[in-house]
Each structure stands twice: as C-alpha cells, then as structure tokens.
Amino acid sequence: MSGGKGGKVGSAAKASQTRSAKAGLTFPVGRVHRLLRRGNYAQRIGSGAPVYLTAVLEYLAAEILELAGNAARDNKKSRIIPRHLQLAIRNDDELNKLLGNVTIAQGGVLPNIHQNLLPKKSAKPSASQEL
C-alpha cells in the first residue's frame, strides 16, 4: 500500500490552478467568495456566484479605467488622478446613472455654464423689423 493520492510513484503532480485562472480573470475569485460568505448576504453561496460577481467587478473596473485613461490623455497627463475618474464617470450616461450618488474625493465638478449666463448673439436687424 502506498500513502498519498494513489498515483504512480515519481509522477509529476498536476499544478493547482486558481478559480480566477480557470475563468480567465485577473480579480481574485477566492477573495470575493470569502467576502460573500463572511458578509452575511445569504446562508449559502453557490460556486458560480463569486465567479460571475468577480467578472462583473473586473469589467466595471476596466471600463472606468479606460475612460479615465482617455480623460487623462485628453488633458495631456500620463497619470490618472481622481479628477479624471470624475470626468470619465460623469460624462458616461450609464456609469453616471450607476454611480450617481457617489462622491469622488478631489474629483471636482463638471464644467457647465448655464445658457442664461452666456452672452447674447448679436443679430443683424432684418428687413421685416424695419417698418
């Protein structure tokens, strides 16, 4: 009788693969699963739930970072700052709806001048007004 897992002696053991690697994700599936279990959201957590939630979180992070990177490039900066995150989120309709109640520290406000405060366009008098 041999101890262990019953394989051939001296055979290479299969390297373990994380759930993140199996799903092709960068964010940690195991950590999300642990946080779901310890967060008292439900008594039981299915095996697919943390994978799906991790994929959603990774997608949202990638989307926000891409838009913030574009905002940084538009401002001729190479580093993303909170202002770029604010501009990225507030200029995107869906992200603004999702994060409408979120305050970003050091984010500032969107530039906006009310129409009534803009100077009036000077129109040349037309022939119909001269009667």
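Using the three backbone atoms N, Cα and C, a Cβ is placed for every residue, glycine included.
Taken from Swiss-Prot, the feature N-acetylserine covers S2.
Summarising the annotation, Swiss-Prot assigns N6-acetyllysine to K5 (among others) and lists similarity to another entry as the type of evidence.
The N6-acetyllysine feature in Swiss-Prot is assigned to K8 (among others); the stated evidence is similarity to another entry.
Taken from Swiss-Prot, the feature N5-methylglutamine covers Q106. Secondary structure from DSSP puts Q106 (N5-methylglutamine) in coil. Long-range Cβ proximity for Q106 (N5-methylglutamine), meaning a same-chain Cβ under 8 A and a gap of 6 or more residues, is found for I81, P82, R83.
Among the features that Swiss-Prot reports, phosphoserine is placed at S128.
For K120 (site 'Not ubiquitinated'), the count of additional Cβ atoms within 10 Å of its Cβ stands at 6 [all protein chains shown]. The site 'Not ubiquitinated' feature in Swiss-Prot is assigned to K120; the stated evidence is a curator's inference.
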What three-state class does DSSP give K120 (site 'Not ubiquitinated')? coil
